[in-house]
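Only one structure is covered here, and it is reproduced in the block below.
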């Protein structure tokens with residue numbers, strides 16, 4: 001009887017786990033959609049509550065709605081801790097801390113006065129959408145972008161050094177050409193103009209007045225398009241080379257998601273992964289080659305006798 005209860009409890013946790021952490025069944029997708037809508041609605045309420053006129057007219061309604069969302073997120077957070085294999089590891093993970101920070105401010109408002117400003121922390125709920133949507137299920141995983149940035153860090157560093165050199169040279173030239181009488185009162189201020197112009201921002205607070213200065217300014221603005229295109233191309237190339245097929249499944253043990261498509265075990269905790277249909281992956285060992293019969297023998301040529 002105890003074994004039956006244990007199996008039933010384990011099956012109940014697995015059922016909750018696949019609904020909350022996975023997105024492979026209609027029920028799990030419906031849960032994710034409901035959670036996304038709740039997050040967006042709660043963030044919208046926080047923004048509306050910061051408007052003085054809305055706060056004065058709808059304060060009571062917004063307060064009740066906030067508590068409804070807080071209770072919903074609290075239940076969801078507790079269910080995540082309940083059904084995952086290692087709750088402590090999840091609670092101390094990035095999204096686990098985000099989940100906790102989403103609900104703490106509302107409860108603190110009951111005991112500590114003046115925590116209304118702290119309620120802005122609820123805006124970090126929008127970060128949870130990245131986990132639910134698994135945006136990089138469509139455009140690559142977030143880790144692929146991180147790997148692409150890491151792989152291109154030297155190229156980007158060289159590019160930034162080149163840009164800093166360019167703005168220093170252009171700023172110094174503009175300081176010599178225009179001078180303090182046209183607003184270029186110092187080399188640092190001229191470098192500021194070069195940065196604003198090279199990045200195609202163009203505030204217009206400092207503008208060259210001489211013909212040579214305007215020609216230099218036009219050249220810097222044209223080069224600004226290359227400044228935008230070069231880092232974009234670097235990261236795009238690295239991203240296309242780095243991004244591979246990743247699973248959207250989450251490890252039952254630790255909650256990590258960035259697993260390769262052919263992975264059988266979690267690379268963080270070693271827990272066996274589940275297939276998209278919720279079943280365990282079957283690890284079939286490959287048979288070793290038979291070394292005794294691995295020698296390739298040439299076929300004997302048939303006799304070439306003439307027919308008589």
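Including glycine, each Cβ sits where the backbone N, Cα and C put it.
Per TrEMBL, the listed range annotated as transmembrane segment is 215-237 (candidates: 123-145, 192-214, 215-237).
Looking at 14-32, 33-51, the range tied to transmembrane segment in TrEMBL is 33-51. Check TrEMBL against the ranges 63-82, 243-262 and you find transmembrane segment recorded for 63-82.
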